[in-house]
Amino acid sequence: MTEGGVAERRVENGKRKREKKTAAELSAAGNDRIRASHILLKHEESRRKSSWRDPDGRLISITSRVKAAEQLRELREEIASGRSLFEDVAARHSHCSSAKRGGDLGQFGKGQMQKPFEQAAFALRVGELSDIVDTDSGVHIILRTG
């Protein structure tokens, strides 16, 4: 993202071209892109049973989906009650490498995330925290930030 606009890439005649849109143009186009953070907990049914936090997948492979969801509910309650900050909880618990950025995924558009994640994230208002979202990656809570 650049000041005063967002750079996008598109293919034209087989060549990549940069195109800048102002914030007003993006807003006029609707909610094509949003910004969100998340906390991911993987479990034995996750499509990839390793993470930066558990490279061999030893703990992930013995964690049930139910157990991961229970843990995530507890973490969500800590955040929702104000006892903990989302960024801190993400940094301590998330299996996604975005944990190093407090869970921040940056901006993304439709078609870039797994469908259940996308639907939940786009349905949130800015500042709103999702309930638990199941994807092939694991269970998530999502905070829409923009």
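Each residue's number is its place along the chain shown, starting with 1.
Here the Cβ of each residue, glycine as well, is placed from N, Cα and C on the backbone.
The compositional bias 'Basic and acidic residues' annotation in TrEMBL covers 1-14. If you look up TrEMBL, you'll see 31-146 marked as domain 'PpiC'. Here TrEMBL flags 1-30 as region 'Disordered'.
In this model, the domain 'PpiC' (31-146) carries an average pLDDT of 96. Assigned with DSSP, the residues of the domain 'PpiC' (31-146) fall into helix, strand and coil as follows: 42 helix, 26 strand, 48 coil.
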